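> TrEMBL lists these features:
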TRANSMEM  6-29  transmembrane segment
TRANSMEM  41-59  transmembrane segment
TRANSMEM  65-89  transmembrane segment
TRANSMEM  101-122  transmembrane segment
TRANSMEM  128-149  transmembrane segment
TRANSMEM  161-183  transmembrane segment
TRANSMEM  189-210  transmembrane segment
Amino acid sequence: MNSTLFIIGVIGNIISVLVFVSPIPTFWRIVRNRSTEDFEAAPYVLTLLNTLLWLYYGLTKPDGLLIATVNGFGAVMETIYVVLFLVYAADNVKRVKTAKLVAALDIGFFGIVFVATTFAIGGLDMKIIVIGLICACLSVFMYGSPLAAVRTVIASRSVEYMPFFLSFFLFLNGGVWAMYAILDRDVFLGVPNGIGCFLGGIQLVIYAAYKNSKVGCQSPNNDEVAYDASTSLLSSDDRRYGQNDVSIRV
C-alpha cells in the first residue's frame with residue numbers, strides 16, 4: 001500500500017468513526033427519555049449488517065486492513081445502538097419488529113453470506129468479487145436510508161429528524177472513500193461511496209432549504225430537540241434515521 005493511499009485511508013477511517021459515533025447524542029436523548037419516540041430502527045439494523053459485511057470484505061481482501069478496522073469499530077457501535085433501541089423501544093410492536101429485522105438480516109443474511117462464500121465458493125478472487133458485490137449493493141441502500149427522513153422533513157417543514165452533521169459527514173465520508181477506491185482500483189468500494197457522496201449532497205440541500213422553517217405546533221421539549229439537532233458536532237443521522245447510519249460506511 002503506497003503512502004498516499006494509506007493517508008487517504010486513515011482520513012477515511014477518522015471520518016467514518018465520526019459517522020459511527022454521530023448517533024450518540026440521539027441515543028443519549030433516547031436513554032434520558034426512556035423511549036425511542038419516532039426514531040426508526042431499520043437504518044441501524046441495516047448499518048450493522050453493512051459494517052459486518054465490509055468487515056468481512058476487508059479481512060478477506062489483501063491489503064484491506066483499513067477497511068476492516070473502521071468497520072470493526074462500526075459493528076461494535078451499531079450493535080450497541082440496536083441493543084439500546086430494543087431496550088427503549090416506544091412500544092412492544094416496535095421491539096418485536098426490530099428483533100425480527102436483526103434475526104433476519106444481521107444474523108440470518110450475514111450468516112448465509114459467510115457460509116456460502118466460505119464453503120461454496122472456491123478461489124480468493126471469486127470470493128472477493130461476490131462479497132464486494134453484496135457490500136456495494138447494500139451500501140447504496142445504506143447511504144440512501146437517511147433519505148427516508150426527507151418526506152418527514154418536507155411534511156413537517158422541520159429538520160428535527162434530519163440534522164445537519166450526519167448528512168455532512170456522510171457526504172464527506174463518501175467522497176474520501178471514493179477517492180481511496182479510485183487509487184486502489186476497487187470498484188466495489190468506489191461505486192457505492194461515489195453514490196453516497198451524491199446522496200449526502202442532496203440531504204445537505206434539503207437541510208438548507210428547511211433549516212429556518214418554523215413549525216406551527218412544537219412540543220414542550222423542542223428546545224432539547226434543537227440542542228440534539230444543531231448544537232452537537234456529532235449530531236445524529238438519526239433523527240429518524242436516525243441514520244440512521246450509517247454507516248456507509250465505507
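Just so you know, the numbers here start at 1 and follow the chain as drawn.
Each residue, glycine too, has its Cβ placed from N, Cα and C.
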> Verify whether three or more Cβ pairs under 8 angstroms connect the transmembrane segment (161-183) with the transmembrane segment (6-29), leaving out any pair fewer than 6 apart in sequence.
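In contact, yes.
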> Please indicate, using numbers and ranges, the residues of the same chain that are 6 or more beyond the transmembrane segment (101-122) and have a C-beta under 8 Å from a C-beta there.
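The answer is 41-42, 45-46, 48-49, 52-53, 56, 60, 82, 86, 130-131, 134.
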> Do any residues, 6 or more residues outside the transmembrane segment (189-210), come within under 8 Å Cβ-to-Cβ of it, and if so which ones?
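Residues 67, 132, 135-137, 139-140, 143-144, 146-147, 150, 153-154, 157-159, 162-164, 167-168, 170-175, 177-178, 180-182, 248, 250 contact the transmembrane segment (189-210) from elsewhere in the chain.
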